[in-house]
């Protein structure tokens with residue numbers, strides 16, 4: 001018997017659980033957008049070298065004012081590509097007036113002396129009014145700083161997972177969640193007022209740190225109050241907030257095309273989540289296992305009253321709770337715990353690596369970045385629905401392997417398709433992204449079910465640390481395409497396939513109660529082994 005029996009006795013899936021997940025879901029929608037916010041705040045508008053006073057220069061040469069538009073005059077100052085568009089990072093050393101009335105492409109400019117932009121850049125502001133790229137000129141020789149800022153954000157997520165994971169097991173889920181909401185709201189809002197790129201990166205680091213705290217603790221506060229039979233459904237509902245956050249972000253970014261205003265719009269509402277987060281009760285599981293049974297009983301009675309089971313809640317005493325949960329704490333080293341710590345974080349790392357590798361460069365697709373963001377979000381709905389059904393009927397382990405290996409294969413296929421098949425490439429990328437998103441849903445729930453309550457946040461934090469390493473290196477791998485164009489795709493495809501092989505060594509957790517102690521993990525694995533042997537002997 002365990003805590004699940006106590007939940008059933010006080011209403012199981014009642015009013016409290018629905019209120020709890022609704023509030024966590026709303027906050028998740030606000031927080032989830034920060035993961036991919038830089039797709040819009042750091043978007044790269046079309047740009048070319050700034051040529052000051054073009055018409056005046058033309059008059060000096062021609063002796064009369066020009067009646068030509070600026071786009072035509074640009075041909076004398078900037079080389080044009082095969083699509084007759086000005087290149088982004090070069091200009092002629094001297095004006096080439098003979099090119100003004102030419103419709104030819106690069107062949108006419110071969111041998112002409114060029115140089116890097118002397119006066120900065122001019123940006124096309126039809127799709128984006130202002131981004132950090134256009135404001136701080138993060139293009140050409142400085143273009144790597146765009147990916148670097150996202151990497152710094154992911155470093156914040158990594159550091160947050162390391163620090164907040166262990167702190168949550170020591171000080172509780174609720175305390176760290178409240179603090180993370182406040183830090184994210186303050187850091188996110190302050191980012192909108194960044195006077196420089198370095199300040200922007202520092203504040204994004206703090207935001208990533210806080211996002212890690214929100215994800216770790218909101219997931220545990222959700223699942224640790226859910227009965228066994230409803231865990232998959234409620235876990236799927238909670239992770240759906242990240243899908244909705246991307247849909248909302250696409251619409252918000254389309255309406256607000258200035259990066260500072262968009263940053264404010266996505267950050268200020270988190271103060272609302274901070275205010276109502278004080279209502280969240282601490283995890284009674286954590287309290288009971290950390291020698292605070294009196295507080296655990298008080299919270300259980302509060303939950304029972306909300307669920308309309310006050311009488312059953314009052315009947316729970318310290319003695320009955322200890323008897324029911326059979327609490328045991330041990331520091332012994334166990335083989336199953338080691339196997340989980342070794343095998344499970346790698347799929348987390350591969351999922352984050354390939355997922356963010358796909359979604360953090362939406363502009364490589366020919367469609368509007370807003371439309372691609374919306375399509376990438378909508379594809380998650382059927383993918384997550386199918387994976388939820390697979391988790392319910394086929395188990396966590398099989399589902400985890402499938403949603404790692406299948407999209408990995410799709411990415412590999414996509415890598416070797418010619419650019420002319422843009423529709424096919426986009427379709428495969430969308431499907432792969434949806435499957436990786438469903439892999440996130442599966443891996444979050446699987447992680448929570450594998451680790452016992454006494455070290456759950458530490459275990460999740462460790463897995464999230466490696467996941468952050470994956471998401472942190474994903475934008476850096478994009479830079480390698482300048483040297484070998486297929487290398488990012490090969491890496492994004494092979495890694496999840498390799499990680500999927502490690503899932504074979506993990507135990508199944510379908511319809512298994514959440515373990516509270518390390519002994520529970522060992523007992524569950526032993527029971528599974530005995531059932532497997534009995535089945536093989538038949």
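Glycine is treated like the rest: Cβ placed from N, Cα and C.
Unlike curated records, TrEMBL annotations are generated automatically.
TrEMBL assigns the feature transmembrane segment to one of the listed ranges (365-383, 384-402, 403-421), namely 365-383. Annotated range for transmembrane segment in TrEMBL, selecting from 233-255, 302-324, 325-347: 233-255. When the ranges 12-31, 32-51 are checked against TrEMBL, the one recorded as transmembrane segment is 12-31. Taken as a whole, the domain 'Major facilitator superfamily (MFS) profile' (99-511) shows an average pLDDT of 83 in this prediction.
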